[in-house]
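Here's the structure, in structure tokens; my notes come after.
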């Protein structure tokens, strides 16, 4: 619990007080945002705003996680980091690097396209594949559990284990499943990062839910004394408290960053931030055994990304007609006349309600066992 509080407080202070220094540095490096001419006219004033703020978020989150553990030192030992926590860090940094390459190419070429679509997907697949292999190979030193399970999960593992099809086929399908989750979550956050503060605020709700879920799973762990009388309710999750610690560190970093990212934004997170955050969200869901619950917890990202898919399919089927004035969905409402801040706050409300529904059903499953 102490590590959780220290991690969140450190990362919040880091982004809140040091982001202005990074803004100056990024301007000096000429890392400014490129704005497309065919976007909403109100966005043209954003041209040149410092981007790649995801570097600040990721740096603060990682440092906060390790500092949180170091500050639990009692003169003899400190709470050790775990494979689960390190895997979340790996996913966030790995996808953040893919996003950084995309952002860097955009700023160098001064165009909206950095990496090609398939190049970006390839990077996500490589990171997700390494994550998947490590997640079923490493073992928690205390519980002996692997960080991830090869079963599909909702509130806990479902009786749908890929390994029932054999080790080779099962492992292959598990890797494909993980790649699908990672690509969906990271691209979902990436698509939502189109208005000042939208992705950062929504991510606070989504990733913040894993502080609650991780801490609850820790208290109801099958390894804890309190769960012996409720063995059918307990959770077989490796290092759930450490998942809560890294989630708290990310949330703290996002809150401090949002101070500078809210309208009018002085810095954007860029693909560095959005892909990294989406990767962290996917990793938290996979390692906490709540993969399918992402439909609620990442509900806003599902809606926004879904609007892009629907627009493209409808456009092709009708030979040029559109459902929305512009996709993603938040730009549709901008073109309808909504102020940017209005769209952002209302989308935050939707994100918060969907996260509440996700956490609520998670708890409801426990009390009805």
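All residue numbers here begin at 1 and follow the chain in the order shown.
Glycine is treated like the rest: Cβ placed from N, Cα and C.
If you check Swiss-Prot, you get these features:
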{"type": "TRANSMEM", "residues": "3-23", "note": "transmembrane segment"}
{"type": "TRANSMEM", "residues": "53-73", "note": "transmembrane segment"}
{"type": "TRANSMEM", "residues": "81-101", "note": "transmembrane segment"}
{"type": "TRANSMEM", "residues": "118-138", "note": "transmembrane segment"}
{"type": "TRANSMEM", "residues": "162-182", "note": "transmembrane segment"}
{"type": "TRANSMEM", "residues": "198-218", "note": "transmembrane segment"}
{"type": "TRANSMEM", "residues": "240-260", "note": "transmembrane segment"}
{"type": "TRANSMEM", "residues": "267-287", "note": "transmembrane segment"}
{"type": "TRANSMEM", "residues": "290-310", "note": "transmembrane segment"}
{"type": "TRANSMEM", "residues": "347-367", "note": "transmembrane segment"}
Tertiary contacts of the transmembrane segment (347-367), as residues 6+ beyond its ends and Cβ separation under 8 Å = 154-156, 198, 201-202, 205-206, 208-209, 212-213, 216, 220, 233, 290, 293, 295-297, 299-300, 303-304, 330
For the transmembrane segment (81-101), sequence-distant contacts whose Cβ falls under 8 Å of one of its Cβ atoms, 6 or more beyond its ends = 52, 54-55, 58, 61-62, 65-66, 69, 114-115, 120, 123-124, 127-128, 130-131, 134-135, 138-141, 147, 182, 186, 190, 238-240, 242-243, 245-247, 250, 270-280, 282-284, 287
Note = Stretch winning on C-beta pairs under 8 A with the transmembrane segment (198-218) (pool: 3-23, 162-182, 290-310) is 290-310
Message = Can you work out which residues elsewhere in the same chain, 6+ from the ends of the transmembrane segment (118-138), have a Cβ less than 8 Å from its Cβ atoms?
response = 83, 87, 90-91, 94-95, 97-98, 101-102, 146-150, 171, 174-175, 178-179, 181-183, 186-187, 275, 279, 282-283, 286-287
Inquiry  = Three or more CB pairs closer than 8 Å, sequence separation of 6 or more: does that hold for the transmembrane segment (162-182) against the transmembrane segment (267-287)?
reply    = yes
Message = If I count Cβ-Cβ pairs under 8 A between the transmembrane segment (240-260) and each of 3-23, 53-73, 290-310, which range comes out on top?
response = 3-23
Note = Per the Cβ filter (under 8 Å) with a sequence gap of at least 6 from its ends, the transmembrane segment (290-310) is approached by 152-156, 181, 184-185, 187-189, 191-192, 202, 206, 209-210, 213, 278, 281-282, 323-324, 327-330, 332, 347, 350-351, 354-355, 357-359, 361-362
Message = Let me spell it out: take the transmembrane segment (3-23), skip the flanking residues so only those 6+ beyond its ends count, and list any with a Cβ under 8 Å from a Cβ in it.
response = 50, 53, 55-57, 59-61, 63-65, 67-69, 71-72, 79, 211, 215, 241, 244-246, 248-257, 259-260, 266-267
